[in-house]
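Features as listed in Swiss-Prot:
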- 5-25: transmembrane segment (TRANSMEM)
- 38-58: transmembrane segment (TRANSMEM)
- 81-101: transmembrane segment (TRANSMEM)
């Protein structure tokens, strides 16, 4: 089943996004004055209508079709190792620069005062 994250489809995330945006808009409109404050009711009713439409008219069937055996292929195998080699070289270069500029920094003796 394509498009599933954490065992739920895209519709659940769409509904969550709609309600988060509606609640944010309601909070912002509650600070308004005049007739704009009463538009909260229309925003809430609009989100309620969209939610009922999405719940009552689903796109997919309730029972998914059985899938065939899936063969897992790593198409980015070489690229992943090139990226790993590059990041390892950058890490070792940064470690070398840290060693030369910070840990091996010379400490000069302060001159003694002569009387």
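Cβ coordinates are placed from backbone N, Cα and C, and glycine is handled just like the others.
Long-range Cβ contacts of the transmembrane segment (38-58) within its own chain (Cβ-Cβ under 8 Å, at least 6 residues beyond either end) map to 11, 14-15, 18-19, 22, 25-26, 29-30.
Non-local neighbours of the transmembrane segment (81-101) in the same chain are absent; no residue 6+ outside the stretch has a CB under 8 Å from one of its CB atoms.
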